[in-house]
Amino acid sequence: MGWRQLDIDKVHLALIVAGGFITFFCYFSEVFRKKLLVGEAVLGSITGLIFGPHAAKLVDPFSWGDHGDYLTVEICRIVLDVRVFASAIELPGAYFQHNFRSIIVMLLPVMAYGWLVTAGFAYALFPQINFLGSLLIAGCITSTDPVLSALIVGEGPLAKKTPERIRSLLIAESGCNDGMAVPFFYFAIKLLTVKPSRNAGRDWVLLVVLYECAFGIFFGCVIGYLLSFILKHAQKYRLIDAISYYSLPLAIPLLCSGIGTIIGVDDLLMSFFAGILFNWNDLFSKNISACSVPAFIDQTFSLLFFTYYGTIIPWNNFNWSVEGLPVWRLIVFSILTLVCRRLPVVFSVKPLVPDIKTWKEALFVGHFGPIGVCAVYMAFLAKLLLSPDEIEKSIYESTTVFSTLNEIIWPIISFVILSSIIVHGFSIHVLVIWGKLKSLYLNRKVTKSDSDLELQVIGVDKSQEDYV
């Protein structure tokens, strides 16, 4: 009988991989971020792929028990709540008051257009699902992810060249639309699982739009205002120390996540608007540096999550011809989604968005709408909500759409996320190369102009330049 302490445990292997990767990234973060221009999402996904069940086979989250889908949903929930709160407190004070029109246009028309267009692509390319199933798939990838555009809105070299109004617009949009994707997601869920359809429409308006979203926003604002009021007096009477002050960006979103889940409201919107009201007068952000504990928390969560994502990518299903998922359909769907989901509508609404001044900025904003954590969250939440345990037996057995969606929704969504990581993760390299080529061209043009001027000064005809 061997020494029990030396038995290898799967969870401990996962801790070694996660801890080792984060340590490695921290030691060489300057190289990765500012020289190689590679962010947490790309490196984390690669690490998860290497050590996951399809390569080294050291980490397989779905072998830890029978609740893999639920575990993934809760991991995503915590990461999203912390991230959207961090986005909210990063914005200038009273940002929504001064930029309300830009935010509303970027949330409602842009998200609605992307949802419907993506649903059309899914319906055309995946014949085994009906249009409601296509709307559900589109609802999962309606929101944008701030991590994949961290080099633009964070501390990357391109962030300094991005106008502050564009940077703030992207932060506000990516932080808010994670929660705003909930009505689009539940629209299909309600129509699929609630019969008759008029009851589904009633539940969607009353329970999802008004209670989950509207009341979630209101409750988040109340919590944010109260906590800001308490913080103000805690500082005034010196009741709070520095360590506790830096713990708030983690504690408050966890509080919102727990309360929101228990009372059944949209905890993502609740966390975001709690952050907005918490920092409405810059009370919090003016006393905390950009590269302090909140940034550290966000980085750690991002590294852990995308490493986890790399281990759950269903590579075996990316050429699943039996289920009508040949890889060419996934590639075409991903390309169409990334190209047409935002760019056309952002160009269309550009005159209505005061923060977007030029067509070049419209192209920039339209392109940087990456798909990430929220898509994983909603894909696995859809699997839970469409399981036999959550749907009336008569409704579940009346159609095969539930079992079909349960089988194909994650392969489709994960392939789109992977495509987004590749495209948006390396877009920065294209921009840098383009900038260098443009600079080289302009320098050569200036040099040639100076040379022509010198020839004119010494009286040499330009046609005789070769003989000088």
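Cβ from N, Cα, C; glycine included.
For reference, Swiss-Prot has these:
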- ASN287: N-linked glycosylation site (CARBOHYD)
- ASN319: N-linked glycosylation site (CARBOHYD)
- SER449: phosphoserine (MOD_RES)
- SER451: phosphoserine (MOD_RES)
- 12-32: transmembrane segment (TRANSMEM)
- 36-56: transmembrane segment (TRANSMEM)
- 81-96: transmembrane segment (TRANSMEM)
- 103-123: transmembrane segment (TRANSMEM)
- 133-153: transmembrane segment (TRANSMEM)
- 169-189: transmembrane segment (TRANSMEM)
- 204-224: transmembrane segment (TRANSMEM)
- 258-278: transmembrane segment (TRANSMEM)
- 293-313: transmembrane segment (TRANSMEM)
- 320-340: transmembrane segment (TRANSMEM)
- 362-382: transmembrane segment (TRANSMEM)
- 408-428: transmembrane segment (TRANSMEM)
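Packing against the transmembrane segment (36-56) from elsewhere in the chain are residues 17, 21, 25, 62-63, 147-148, 150-151, 156-157, 299, 302-313, 315-316, 372, 418, 421-422, 425-426, 428-429, 432: each is 6 or more residues past its ends and has a CB under 8 Å from a CB in it. The Cβ neighbour count for ASN287 (N-linked glycosylation site), using a 10 Å radius and every protein chain shown, is 13.
Each of 169-189, 204-224, 258-278, 293-313, 408-428 was scored by its Cβ pairs under 8 Å to the transmembrane segment (362-382), and the highest score goes to 408-428. Two recorded stretches are said to be in contact when at least 3 C-beta pairs lie under 8 angstroms, sequence spacing 6 or more; the transmembrane segment (293-313) and the transmembrane segment (204-224) fall short of this definition.
Under 8 Å from some Cβ of the transmembrane segment (408-428) lie the Cβ atoms of residues 37-39, 41-42, 45, 122, 126, 128-129, 136-137, 140-141, 145, 148-149, 151-152, 156, 158, 306, 309, 312-314, 317-318, 320, 323-325, 330-331, 333-335, 337-338, 367-368, 370-372, 375-376, 378-380, 382-383, all in the same chain and six or more residues away from its ends. The transmembrane segment (258-278) makes no contact with the transmembrane segment (12-32): fewer than 3 of their CB pairs lie within 8 A, with pairs spaced 6 or more apart in sequence. Across the structure, ASN319 (N-linked glycosylation site) and ASN287 (N-linked glycosylation site) place their CA atoms 52 angstrom apart.
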